[in-house]
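Okay, structure first, notes after.
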Amino acid sequence: TMSRSCPTNTSLSELHLTGIPGLQHLHRWISIPFCIMYLLTLAGNSTLLCVIKADPSLHLPMFLFLSMLAVIDLVMSTSITPKMLDIFWFHSTAISLDACLTQMYFVHAFSVMESGVLVAMAFDRYVAICNPLRYLSILTSPVVAAIGLATLLRAVVFMSPLTFQIRRLPLCSPAVVDHSYCEHMAVLRLACGDATFSNTYSLSVSTYVGSLDSLLIALSYALILRAVLGLSSPQARKKAFGTCGSHLCVMALFYIPGLLSMYMERYHQDLPPHVQVLLADIYLLIPPALNPLIYGIRTKQIREGARKVITRRRSIAGEVGA
């Protein structure tokens, strides 16, 4: 690492992102899967939003949560991927401090939101499977809106202090962030002042959100599985297991690399930095690309909704062409 000198003027206006430290020679190759995942994220989530909006029969709580997830995924991956590809393809490492802090805020706030929506979706499935007759009376539109708002507020309340705190800390040159995006801990390493509060706060918030939310999700799915095991038809059991299994896999891909990368950043300085950076990239790139496939295309109503939209479009095109 370069030695940190504290310049007389500590207000750095521009930082440099290294991409994936130690793997710069592979940036071009790494950019291929990253780019494909981003294109999948854009196509999958936009399609999902269009299908849900176009088909009134899909305006149910489950699909409203799915729409929230799609919007969050689009924002989260768009806040990091274009800049990452810019670094990989054009070696354009510079980013202004304001852009960096904005990116940091979006990435962290939206991953807290994503976590909240995943909990809401697990609760939605629990009510649908364990209490199907009361599903629509429990998850009314105001309740769904309130859950969405609570998820948003929680993210803003948790993440605002982090960004303001970094804004107030003097940063040292060289202003090099060993990361592919402005990850909080990586930027915090540039601080000349006492960063104990920021360090402890970010670790506490991430641990609290990650562990509480994954516990609530695990609890929902445990109750769902208990109900499923009570089903008489093996066909229904198999279908429910398949659905729960794929949901849990995507959630594991979101929580495990996210928490691992953060703890490694904090406690295992001897690990190759690219391992930690790649883990941090994986949890922000893979779930947004897979969510539309796992939650959307595998859902019968979504497939039928998409078919209706396509048929409608074709008949309109036919009338125009006639």
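Placed from the backbone N, Cα and C atoms, the Cβ positions cover glycine too.
Quick caveat, the model's predicted, so the values are computed rather than measured.
Record features, source TrEMBL:
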{"type": "TRANSMEM", "residues": "29-51", "note": "transmembrane segment"}
{"type": "DOMAIN", "residues": "44-295", "note": "domain 'G-protein coupled receptors family 1 profile'"}
{"type": "TRANSMEM", "residues": "63-85", "note": "transmembrane segment"}
{"type": "TRANSMEM", "residues": "105-123", "note": "transmembrane segment"}
{"type": "TRANSMEM", "residues": "135-157", "note": "transmembrane segment"}
{"type": "TRANSMEM", "residues": "208-229", "note": "transmembrane segment"}
{"type": "TRANSMEM", "residues": "241-263", "note": "transmembrane segment"}
{"type": "TRANSMEM", "residues": "275-297", "note": "transmembrane segment"}
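In this chain, the transmembrane segment (63-85) lies out of contact with the transmembrane segment (208-229); the count of Cβ pairs under 8 Å, excluding pairs fewer than 6 apart in sequence, is fewer than 3.
Long-range Cβ contacts of the transmembrane segment (29-51) within its own chain (Cβ-Cβ under 8 Å, at least 6 residues beyond either end) map to 20, 23, 58, 66-67, 70-71, 73-74, 77, 81, 84-85, 88-89, 281, 285-286, 288-289, 291-293, 296, 302, 305-306, 309. Below 8 angstroms of C-beta separation, residues 17, 19, 31, 34-35, 37-38, 41-42, 45-46, 48-49, 52-53, 95, 103, 106-107, 110-111, 113-114, 117-118, 120-121, 124, 144, 147-148, 151, 180-181, 281, 284-285, 287-289, 291-292, 295-296, 301-302 of the same chain, each at least six residues beyond the ends of the transmembrane segment (63-85), sit close to that stretch. Tertiary neighbourhood of the transmembrane segment (135-157): same-chain residues 60-61, 64-65, 68, 109-110, 112-113, 116-117, 120, 124, 127-128, selected by CB-CB distance under 8 Å and a gap of 6+ residues from either end.
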